[in-house]
Amino acid sequence: MEHRNATQEVKVGKETQSQNSLPTLYEYFDSSEGQNVTGLLAERDGFKLNGKPIRIISGAIHYFRSHPSVWSDRLRKLRASGANTVETYVPWNLHEPKKNEFDFGQDQSKNDMSIFLDIRKFIQLAQAEDLLLILRPGPFICGEFEFGGMPSYLLRDPNMRVRTAYQPYLDRVKVYFDNLLPLVSDLQFSQGGPIIALQVENEYASFDTIEPPYLEFIRQTYLNHGINSLLFTSDGSYNGVKGSLPGLLKTANFQFKPESNLDDLLRFQPDKPPMVMEYWSGWFDHWFEPHSETSLNDFTSVLDVILGGYNASVNYYTFEGGTNFGFNAGANTQTEAPHYAPDVTSYDYDAPLTEAGDYTAKYYKILEMSAIYAIPPLRRPPLPLESRKLAYPSIPLERYLSYSDILDQIPPTSKFQLEARTSMENLNMNNDGGQSQGYILYRKRGIFGNGTAIFKAGPVRDFGILLLDQDIQPFPKDKNGSTKYWLSSVQEYSLPMNGKEQTIDLLIENMGRINFGGAKDFLQRKGLVNSPNESYYHLDGQEIKDVEIIALEFKSNWVNNLTNWHNYESHNEAKKAPILVQSTFTITEIGDTFIDMTSWTKGIVFINGFNLGRYFNVGPQKALYLPAPFLKLGENTITIFEQLQCGSEIVFSSVPKLGFPPIKKDPKPQFDDDDFVPF
């Protein structure tokens, strides 16, 4: 890894400290083998690690949202900011992609996300970069992640009650922890590793069905697997202690009003040091909404109160947000129609490090504040260089597969003929785990009629497209005459019948399961549910029966093995969506880039078979981040599934397009870049 030049001094504000005279973290908190090591303790006068005072200055970096080849870079940038700890969630659904099949980085030929899942390596890299680690294994993580990190197969149980003491749920949680915890228990600080604390559940006080036996089950499962590190919960401090248990450290999550939040925390827990487990450095984005930003002034003023006013510890959530690759973005409920708000692909979060790992003004402010408030002061590495950003030349569209071509290549195991509609989760596939992500098609052949037929369906979960004889039917209009996309609602269409046999297709995209809410919100099954009281699938007032259902999962192996492509320019049909288009391009240098999808409408993008994520021209995000490690010197392939209307070419950019407000150039730091020395 390249670094900036270094000298003997670091100067931040009025502070001047010889870096060479300072110890590294592991030199100071010696946890070498043979020592009588004590882990992190929360005492009345502060946190102690191996008997020595420490202020935890931590940052969230999610290993599953950044390519593993940049893990060390992101961790070193965190350590160089003056932080001493990294925090990460653990997404159960990624680690159990199929029921009873667990992946911790070993199944890269079968699981699209496997390359991201070597959690043990990430933890060990954190220690190599002189960081401690806070682990938040769930089983629910929220995190603006698909289903809050829980596997969708849970929803095959019609009586499922996630996040409760419902026994079938606890049984699956135990299986998950029985596979995860043995991988990490020996990496606790007390055993020579970096893990100093583990979280029990996540923001449980915000849930509307609180069952303490569920929390106790998690705690006891940790203990049964040899977890002896500090255990904690994190909630909005206004919720008091209802999301926690006696003996667990309570921590606070917030962005503003630090005085009231920390006063509440100290009132409920006066004998423990205060910690902000999630100090929200920014915020996430939904489709259809403006890009979120938190000003440097707001960020700094709250941080000054946390560190200076209350002498508290802090975890920046997030320090680097990363990317919701593939179909992994989550969603929220809304009080107004359509009562559903899906998250964008980028998880930039307006964080101190950008989605691509670049420095921001918040980063430099953290560095400045850490030099003032760090306990103890420790030697820091030099600031790593930012990655190269390239805008490759635009490329034309070369080949395509039509809608019917795509369906012809769906494997038989993903096609079903059923008496009645059903949801994704209830399809008999994937080790009896159902379909988790992607699209689901409800097809009814052999429709006869003259004049106009009334088709009524919904609510769709989540984005619906209706096709008659493979032609997309116009979306309904709002009261102003503008296009109103079919999102999470019931819609009625007037279909022209031609007196011949016709086919009606309802293609529904799962745009992400809810990741935060009450008990009912987590029962959101995708596609159409088979319930006369909850949904419609009617033609001329009659329930449609004997339906063909096709699961379109768009897994990498399937995308990479597609055949019978047509030349794009030689067929008029090439402009007709839904469609897969593909092009190859040759590069002689590799760097980070962004694929600008401004002229496209809605779909997903694959690079060399890997699903980068969703795009949607409603914004705010208009370009997808393409990390350099997904590219290779020479020939690369880009494949786009466009649901509505194609663009005319594929355009690259050297800068992100996250939406308005526009990205601003960050000011220079108040010190020289080379004022650091390495370990």
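Just so you know, glycine gets a Cβ as well, placed from its N, Cα and C.
Annotated active site, proton donor per TrEMBL: Glu203, in sequence order. The active site, nucleophile annotation in TrEMBL covers Glu278. Summarising the annotation, TrEMBL assigns domain 'Glycoside hydrolase 35 catalytic' to 47-369. Residues or ranges marked as domain 'Beta-galactosidase 1-like first all-beta' in TrEMBL: 434-531. The domain 'Beta-galactosidase galactose-binding' annotation in TrEMBL covers 580-636.
Every protein chain considered, the tally of other Cβ atoms within 10 Å of the Cβ of Glu278 (active site, nucleophile) stands at 24. The Cβ of Glu203 (active site, proton donor) has Cys142, Ser234, Asp235, Gly236, Gly243, Asn253, Phe516 as same-chain neighbours under 8 Å, each 6 or more residues away in sequence. Over the domain 'Glycoside hydrolase 35 catalytic' (47-369), the average per-residue pLDDT in this prediction is 97. Across the domain 'Beta-galactosidase galactose-binding' (580-636), the DSSP tally of helix, strand and coil residues reads 3 helix, 33 strand, 21 coil. Secondary structure of the domain 'Beta-galactosidase 1-like first all-beta' (434-531), assigned with DSSP and counted as helix (H, G, I), strand (E, B) and coil, comes to 4 helix, 48 strand, 46 coil. The DSSP secondary structure for the residue listed as 'active site, proton donor' is coil.
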